[in-house]
Structures are given as C-alpha cells and as structure tokens.
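Asks: Take this structure, written in structure tokens, and hold onto it; I'll ask about it next.
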Amino acid sequence: MSTQLSVAIKISILSALHFDKRSKRLNVNKKMLWVSIIFLIFTATNAVELSGILKLFTPNDVILSAAADNMVSKLEKEYMKYLETGVETPTFNYLTMQLGSSRNGMDKYVRNIHKLKPVDEFFVCVVCRAMVGVIDRTFRDEQNDLNGPKGDVVAKKIAMDACQRLKVQTKEVCEGLFDGHWPILRYIIENTSVDAKTICSFYIQFTFCNVADHPKFNFNLELDDADQPSIIASKSNRGRKTSKDLNILHLTDIHHDPLYEPGSLAECDEPLCCQRHKSLAIGTPKAAGYWGDYRECDLPWHTVNQAFTHIRQAHADIDYIFQTGDVIDHMMWSTSMAKNKVVYERVVKRIYELFPEVPVYPCIGNHEAHPLNLFSPTYAPDSVNSHWLYEFLYDIWSKWLPADTKETILRGGYYTALPRPGYRIISLNNNDCYTDNWWLFYNGTDMKTQLMWLYETLLAAERANEYVHILAHLPSGDDTCWNVWSREFNRLVRRFRETISGIFNGHSHADEMHVHYTSGGYAVAVTFNGGALTTWTYKNPNYRIYRVEPKTLQVVDHETWIFNLTAANIAGAAESPRWFKEYIFSEEFTDDLSPAGLDNLLEQMADNPRLLEKFWRFKMLSTDQRLRKGCNRSCMLKTICRLAVTVNDQRRRCEELTARLIKAMDSSYE
C-alpha cells in the first residue's frame, strides 16, 4: 500500500470527526466514519505489511482499537477452527504471518507496555485478546470437545503453537513460562467471569487496547476524613540539615543472576542473556563483560559482593538500610521456589554479614515470586497460594524485624515497625497492583484489604504523633500499577500528608522521583526512587544514600553512587570497579526537598530544558550508550510528565508542565 494512500485513509477518517469547542463534544459524520473504518480495517488486516498502517496512528487512536477488535475476532475464530479440525486456512496463515512478522526485536520483552511503539502495542493487544479468548472458550465451555481430562495438554499445545507461529519467544522461554504459570492461570480462568477483553485491558492500561469497563473491579476506601481541612497550598515545611542527620542506604533491584558467565553471549533471543554460548561470543563485541553488561543481562555474584563490600568501606555511618525488592534475576521462564530461595538468601545474608549492626527494612519485588509476578489472595487453594514465599521471607527478615510483624507478613508480605520512638516504617507488598499479577483478574477488590490496613496504620501513627516512611516496590504512577490502586493510595497520601515524611520505591531501574498532587494541583508528598544495582538494561550499577532530618524524618538531601561499567570491564578481573559519587541533589538542583520545593524545581525544569536534560542524565545514571543517544523532544516531555504523575488518569500537573516545556523548547530554536 502506498504512503499516499495510507495518508488518504487517515485523512478521510479524521475528517469524519469534528470537535465542537463550544459543546466540548466530538461530532461524527457516522456514514463517512463507518466507510473509512471499514476500509482501514480491511487494509490493516490484509495489507502486505501490518506495521505500515500502524505507523500512521498513535497508541490512543480509536481507529487502532477498531482494527484490533477486527483482527482479534478473525484470529480467535480461525484459531478455534484450526484446533478443532487441524486445518490451516489461508486466512489463518495470513493473519498469523502478519502478526509474527510485525514484532520489533526484543522491545516487547524488555520494555513496559507504555514504552512500546504502536506496532508492538498492537501485537501485544491482538495476541493477548485472541489467545486468552481461545483458552477462555476452551476451558469454560463444558460442551467444547477440547475441554476435559486432557485440558492441560490441549492448553500447552495452544500456547506452544501460538508461541512459535507468532514468533512470540523461543520455544524454551514459552515452554518454561507455560509450565510455571498455567496451573494458576487455569484456576483463575475457571473461577472468575472476567473475559479476555477485560484481562487484556488490565494488562495494557491507557492505550487503544484499554476499552473495557471494569465495574466489578472498582472500589473506594472508606476514609474518616470528613473533618479534614481543605488543602489550599503545597506542603512547604522544610527540613534543614543538622549534624545529627540519619544516613539511610537505599538498595533496590539487585537482580543477581547465579548463571552469569563473563565472556558468554550478551546478545541472545531470550529476555536475559550473558549465561551461555561462550564459544559464539569469544573475541567479538557480543561477549559479556566481567563485571556485568549493559545489554539484557543481570549481575554476577562477584559484582554484587563487590558492591556491598564497597558500601561497607565507603559509608561507615549508615543508620538504616531500605531494600525495595527485586533480588531475583530476569530469567522469568526458569524460576522455581528452590532457585528463588537460594538466590534471595545468598544476597540478603551477605547484607546482614557486612552490616550486622544496621537494621534492614525490606519489601517484596515482583521477581521474588514463583511463578513470576503472581501474588495470590490469602484464601486461594494451597496448590496456587503464595504463602510459601511469605513464610520464607519472614524467616529471613525476622533477624531485624520485631515479632509482631509476623502476622501481616504471613498474610500478605507487608508489615510495620518502629525503628525508634516517633519513627514508623510501613513496608507494603504493592505487587497486588501490578498489572502482570494475574490474580487481579480473579477479584480486583482483594487489594482493598492491604490498603485498609495501611489506612488504619497511618491513622494510628497520626494519633501517636509518629512520622512515617513508606516502602513499596512499584511507583504508584507507573503504567504497570493498576489505576484503581494508585488512585486510592494517593487518597491516603493526601489524607496523611503531615504524617508521611517520605515514600521509597524501586522497579523502574531509574534514578528519579515523583511528586504527589491534590486534584487542585497542590504538592503534598514525594516518592524517591533509588535506581537499581543491576545493569539491566543499559544502566550503570548504583545505590543511593539519603540524609534524613532526625525529628520529622524528612529527606533533606541525597547522593547517588555509581561505577562506569565500560571502564570497569576494560580493566576486567584485575581491578575492582571504581565507584564514585555521581551527584549530590542539593548541589545540582535544590536544597529544598519539601513537596513545594520540588514542585518549584519542576517548574524550573519546564522553563529551562537544559536543567531538565541534566536531571535526565542522572536519571539514566550517566550510562555511556544512553548519553550518546541523548534525550529528544519526546523523551524530554515524557521525563517532565513522569515526575508529576502518581495516578495515571490524573495528569493536570503533567499537562501544565509539558505546555511550559514545549514553549521553552520552541523558543530555544527561534
């Protein structure tokens, strides 16, 4: 299909849509729009190259949604025919060929959904809906010939056929993922009424694929906040540095890979490399570095151990350690209870050995679970329950945690503790908001239990005049955190803004922060993200040290330490990496780390693109490849927006800042 014809299609569709500014409604020439959509869908599902038509549309385009619906319907129907008859029709072969050839390298496996290009989002959307639909029909329809005692065999046949036919991943990866996840997925499918469209809408939030309504999965916390004063200004009470400041080490996303082998192949077809095929890599740029690798690789033990040893030697004054999850590697298709236990215990015990006198406060990452990402409700049957993980973690964590944390850790992997009078730590297992956690599809209101516990704990802290630090793995504004959870969590943050002195996350592998706002645009809290120790992907290993004012527990400064992986690998095993202080926040940006102070910094970044670009360099941990690539206009807009979003459908402050940034960038080119 020619470019001119493709553009003509989109113009004809858009011309059928007219936005009336006065009524603020979208008027539609229905006949013209219908004709255009039919033509587009026909073209999109019969074109020589599917990716060609997708380049014309944005991820939020209603036309892409219609095209996806059409292709899903066709693919699901044709797949069912194939399974029932064994006959591959020309339409079936053509659809699967188009989807299989549309994949864009490894992006779908090493990037979150919201970072994918439209062609990859389209692939994920269509494959998710069609294949979940096929499995759904197979195992819910009692009259279906494919159901019955051989159901598990049939399901694996479907999954492996789709994996290879659509080029989803290697056979080894698909088989491992299926074997690990299928028992839980089958239980969920057979015991919930959620359909394929709803499941995939949960998984792919905020794109054209998210078109389903979820009334059964919405809830509001019942908060006793009727007598709370209106918020009329940003929280500006500012902590000052003192000689008695606490020093808190933040470690996150360690991702130790016990199979890492220096010199092995660092460019492979799986989501994690640097483990094998050494003979193919020797003497080539594809060989994995000694201390780690910027590509899809996690950390060898000698790098993890060297990092901990360096921290012990460089920082003798650490008062507390926050460890915000993801100790386990990215070999998601080959996890097991035994393997995860061995890796986790090895890493955490080494921290305890090197810092025997320093209290450690951990929380759970999505990679700690087996199967990956799945955290069941307490009432799930033993065969699919996560209680094994909570029991194991309590045995490890109990070295530093008080005995009264046992009940909630065993219930769901969360707890609260008092390091000293007036200072409370609350550690959440917010993986129940993670959209890759399939238990969301079972009963989305289950997560209300932990949030109500958080409310009650914060209320007790408020009455006791305690200040609180909240630890959680996922940032609430991340696209992979379910919007209902993040909305209700942020209601709690606003309600207890005077009690909460800091929030600390991991997961994103970026050195960043997020400002929490009210609906009126007032800044009330700040989340600090500590980057990641792992290099996966294209990051220098790093950790953070916070200076915390001892009375109100406010973060008054922080510094990030890194080593340059390129230089370390050139030296190799003969020399330990040279860690250095990458930056001190107060020296590069501002010494006012109150919510109001950081909101003011965001305004400065929006008006001064160079200041924002400097923040982005530190966010990317000064990684060589990232700096060479730079941050283009789209990258800059995403960077400023992410700083100001903690609930994904509440983007007022993001829109204000991006408008200012666009104006500033445009004026710089005049």
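Cβ from N, Cα, C; glycine included.
Got these off TrEMBL a minute ago, pasting:
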type	residues	note
TRANSMEM	32-54	transmembrane segment
DOMAIN	121-213	domain 'Saposin B-type'
DISULFID	C125-C209	disulfide bond
DISULFID	C128-C200	disulfide bond
DISULFID	C163-C174	disulfide bond
BINDING	D253, H255, D326, H509	Zn(2+) 1 binding site
DISULFID	C268-C273	disulfide bond
DISULFID	C274-C297	disulfide bond
BINDING	D326, N366, H473, H507	Zn(2+) 2 binding site
DISULFID	C433-C481	disulfide bond
DISULFID	C631-C635	disulfide bond
Asks: Considering Cα atoms only, can you say which of C125, C200, C268, C433 is the nearest neighbour of D326 (Zn(2+) 1 binding site) among these disulfide-bonded residues?
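Replies: Comparing Cα positions, the closest of these disulfide-bonded residues turns out to be C433.
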Asks: Considering Cα atoms only, can you say which of C163, C174, C268, N366 is the nearest neighbour of H255 (Zn(2+) 1 binding site) among these recorded positions?
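Replies: So, spelling it out, the nearest of the recorded positions is N366.
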Asks: Want to know which disulfide-bonded residues, from C125, C174, C200, C274, C433, C631, are within 10 Å of H507 (Zn(2+) 2 binding site) at Cα; which are they?
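Replies: Of C125, C174, C200, C274, C433, C631, within range: none.
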Asks: Using only C-alpha positions, which one of D253, N366, H473 is spatially nearest C174 (disulfide bond)? These are the binding-site residues in the record.
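Replies: That would be N366, nearest by Cα distance.
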Asks: To the nearest whole angstrom, what is the C-alpha distance linking N366 (Zn(2+) 2 binding site) and C200 (disulfide bond)?
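Replies: Spelling it out, the Cα of N366 (Zn(2+) 2 binding site) and the Cα of C200 (disulfide bond) are 19 Å apart.
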Asks: Suppose we draw a 10 Å sphere around the Cβ of C481 (disulfide bond). How many other Cβ atoms does it contain, all chains included?
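Replies: That number is 27.
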Asks: Whole-number Å only: compute the distance from the Cα of C268 (disulfide bond) to the Cα of H509 (Zn(2+) 1 binding site).
Replies: 21
Asks: So which recorded positions out of C125, C274, H509, C631, C635 end up within 10 angstroms of C200 (disulfide bond), measuring C-alpha to C-alpha?
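Replies: Final answer, ordered: C125.
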Asks: Using C-alpha atoms, which one of the disulfide-bonded residues C128, C297, C433 comes nearest to H473 (Zn(2+) 2 binding site)?
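Replies: Looking at Cα distances from H473 (Zn(2+) 2 binding site), the smallest one goes to C433.
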Asks: Taking Cα-Cα distance, which of the recorded positions C209, D253, C273, C631 are within 10 Å of C297 (disulfide bond)?
Replies: C273
Asks: Suppose the Zn(2+) 2 site is D326, N366, H473, H507. Which further residues of the same chain have a Cβ inside 8 angstroms of that site's Cβ centroid?
Replies: T252, D253, T324, G325, I364, G365, H367, N431, Y434, L474, G506
Asks: For the recorded Zn(2+) 1 site, whose residues are D253, H255, D326, H509, find every other residue on that chain with a C-beta no more than 8 angstroms from the centre of their C-beta atoms, and list them by sequence position.
Replies: T252, I254, G325, G365, H367, G506, H507, A532, L533, T534, W536
Asks: What count of other C-beta atoms do you get within 10 angstroms of the C-beta of C273 (disulfide bond), across all chains shown?
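Replies: The Cβ of C273 (disulfide bond) has 27 Cβ neighbours within 10 Å.
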Asks: CA-CA, which of the recorded positions C274, C481, H509 lies nearest C163 (disulfide bond)?
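Replies: Closest by Cα: C274.
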Asks: Looking only at C-alpha atoms, tell me how far C481 (disulfide bond) is from C274 (disulfide bond), rounded to the nearest Å.
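Replies: Cα-Cα, rounded: 29 Å.
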Asks: Count the Cβ atoms, other than its own, that fall within 10 Å of the Cβ of C297 (disulfide bond), considering every protein chain shown.
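Replies: Other Cβ atoms found within 10 Å: 28.
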